[in-house]
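Novice: After the structure tokens below, expect a handful of questions from me.
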Amino acid sequence: MSKSSYNHIFILILCLCLRSSSAFTNLNTLSFEESLSPLFGDANLVRSPDDLSVRLLLDRYTGSGFISSNMYQHGFYSSMIKLPADYTAGVVVAFYTSNGDVFEKTHDELDIEFLGNIKGKPWRFQTNLYGNGSTHRGREERYRLWFDPSKEFHRYSILWTPHKIIFWVDDVPIREVIRNDAMGADYPAKPMALYATIWDASDWATSGGKYKANYKFAPFVAEFKSFSLDGCSVDPIQEVPMDCSDSVDFLESQDYSSINSHQRAAMRRFRQRFMYYSYCYDTLRYPEPLPECVIVPAEKDRFKETGRLKFGGTEARERRRNRRQQRRPEIEIESDPDDRKLL
């Protein structure tokens, strides 16, 4: 069976497993005015007439971004996002939570970062987390997507509670971090705001900086809509902490806070098919895995000691055979299937 056929089967299985178990059917969506504020590049931030969506532009002069009007002590942060098309090398679109403006040396952060690519190559993305300024202990995972994120809107979400963090793409949980005592202050614990930005990261974003942003294709436009923010809104510097127990109870009662058996199977398949780097398997960087790592033998066997995918063997031979037989470069492991039967 070809790599392309396998990917299409993966997508169909996702549809069948998750169609009736959506974690996002009853989200309370907000307008820009009632939940968000411009962060920078105001002229490159374009709000829709109904105030329910916003376009972030990057040109040769500046990028742009927005921030939530409030900070939250734990929360659920979600938006439908459509990424720029065509040549996007050097471009980064970020959807993340942070408190770096308040706690500069001890900040917490939860990241979803989309990394642009040259024309004909797919967007990649990565997730990461920091607690209490632990930026020297990066916890990156990097992935491909099973769809073209520049063709349609897809929902990207971050859940953060005192006990767990879940990153979602549409109805698929792609990463779960369970807090344990050994993580200590590395687990994010201080109030955070939501951020979304588009910016030029030509020095590292695409092939380690080999390919730069090309402003012949500007403006690069990222679109956001259907914002959802739930959590305990707090003042991060107040002397008496607020009681957020009711808010946490609400978060943990929602469907997006738990992963059912079908979703867990989808997460396992996603990670087996589309994750191409994990810090948990990077034994050169971390000879002993960090305490939250759950080592999955089926995953570990696919990675080198650098935490990157092994290339070679049967997969490499299959890719070469497919190229010879079908002469379709899009079936290489680095490409994304273009399938309209998505969730």
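Residue 1 is the first one shown; counting continues down the chain.
In case you wondered, yes, glycine gets a Cβ from its N, Cα and C as well.
Note that the structure is predicted; figures quoted are calculated from it, not measured.
Residues or ranges marked as signal peptide by Swiss-Prot: 1-23. The domain 'GH16' feature in Swiss-Prot is assigned to 24-224. According to Swiss-Prot, the site 'Important for catalytic activity' annotation covers ASP111, on the basis of similarity to another entry. For GLU113, GLN126, THR127, ASN128, HIS136, ARG137, GLY138, ARG139, GLU140, ASP203, TRP204, GLY208, ARG285, the entry in Swiss-Prot reads xyloglucan binding site. As annotated by Swiss-Prot, active site, proton donor applies to GLU113. Taken from Swiss-Prot, the feature N-linked glycosylation site applies to ASN132, supported by sequence analysis. Marked as disulfide bond by Swiss-Prot on the basis of similarity to another entry: CYS280-CYS293. Annotated region 'Disordered' per Swiss-Prot: 306-343, in sequence order.
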Novice: What are the sequence-distant neighbours of GLU140 (xyloglucan binding site), meaning same chain, six or more residues apart, C-beta distance under 8 angstroms?
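Specialist: For GLU140 (xyloglucan binding site), the qualifying residues are GLN126, THR127, ASN128, TYR277, TYR279.
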Novice: In which DSSP state, out of helix, strand and coil, do we find THR127 (xyloglucan binding site)?
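Specialist: Strand, per DSSP.
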Novice: Between TRP204 (xyloglucan binding site) and ASP111 (site 'Important for catalytic activity'), how far is it from one CA atom to the other, in Å?
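Specialist: About 16 Å separates the two Cα atoms.
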Novice: List the residues of the same chain that sit at least 6 positions away from HIS136 (xyloglucan binding site) in sequence and have their Cβ under 8 Å from its Cβ, in sequence order, or write 'none'.
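Specialist: Correct list: empty, so none.
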Novice: Work out how many Å separate GLY138 (xyloglucan binding site) and ASP111 (site 'Important for catalytic activity') at their Cα atoms, rounded off.
Specialist: 11
Novice: Taking the Cβ of each of the recorded positions and counting other Cβ atoms inside 10 Å, which one has the highest number: THR127, ASN132?
Specialist: THR127
Novice: Whole-number Å distance between the CA of ASN132 (N-linked glycosylation site) and the CA of CYS280 (disulfide bond)?
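Specialist: Computed Cα spacing between ASN132 (N-linked glycosylation site) and CYS280 (disulfide bond) is 20 Å.
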